[in-house]
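Notes for the one structure printed next.
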Ligand SMILES: O=c1[nH]cnc2c1ncn2[C@H]1C[C@H](O)[C@@H](CO)O1
Ligand SMILES: [Zn+2]
């Protein structure tokens, strides 16, 4: 197939990117706090932090996460998780998350976190989900219908609570939870460890995504899809290991062909991948080739605090690196909306009533 782009196509300005409706499928609640909020709650609960003003703290998160290792990247979450243990703090963080996403022009978001990490203050799992939902509801109401946000419940892959968290996600599916995920260190913790949870979810006609192909390669992606039945891949960036490029010729291995043929959504998070060493730079990120090959690519933030990023920032970087146009950004956005764990009619309404008119207004053809 042709992998040639029109290099002279007009590039959207940063202002246009901000105004464009955006859909976000992969964003961690405990990876997106405002530094000021971390400071304020930490002070109240007596939690020690590595910096004592918001700017330095924001820099600390970004620099510490910039290690080239997923395991060290994940250590920075100790501080955000520590300030998300009281119900009001969970509600505040969730509300501020919706405010920040809406301000950035995000119209639909699925935001994930691991309830099992928020029980050290004595909350039951159910109370954690309820406190987060309260914050999302407040944020959505404040935004006056400009944004729809759903929860994804994550189980930590090195722990053994996935079945319980899967059951929690089913119990909450009509009250704001759209699906399930597993996250945490990938190497040494294959998704098949949690097969029981995935089989349960399939029997319940429920939805799930799996972090796979980030810090570990094709076997992780293969297990996530062919053993566990994942609807989407969190990152999935290493699917590129099954793509061979020889001059103009591109050949897909069987797994890459399956992922593309079955339109399995890739939740790609470019800046996060650079920090954890999964990609060398934005320009060299596999998202460029996978987009040209028309995999079902979506653009995401992963952790806005650790990566000092936003949906607009991710898209601007892609525009700079690959010359993407408004039409390309609309394609990513519609891909994301088609892949959302929301009922079909609601997905369609957001595409037809918000995304398409929004891009048309900006001049997309
Ligand atoms: O990119 C990631 N890969 C694997 N695990 C991650 C990533 N970003 C965040 N996490 C972990 C740390 C959080 O505490 C947890 C739940 O959001 O998920
Ligand atoms: Zn993630």
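Cβ from N, Cα, C; glycine included.
Matching 158, 194, 207, 211 to the Zn(2+) binding residues that TrEMBL gives (26, 28, 302) identifies 211. For the binding site of substrate, formed by 28, 30, 184 according to the record, the largest Cα to Cα distance is 13 Å, rounded to a whole number.
DSSP assigns residue 30 (substrate binding site) to a helical segment in the three-state reduction.
Note: the CA-CA distance between residue 184 (substrate binding site) and residue 211 (Zn(2+) binding site) rounds to 8 Å. Only 302, in sequence order, out of the recorded positions 30, 184, 214, 235, 302 have a CB under 6 Å from ligand 2.
Shown in sequence order, 27, 31, 112, 181, 183, 234, 235, 267, 269, 272, 300, 303 are the same-chain residues outside 26, 28, 211, 302 whose Cβ sits within 8 Å of the Cβ centre of the Zn(2+) site.
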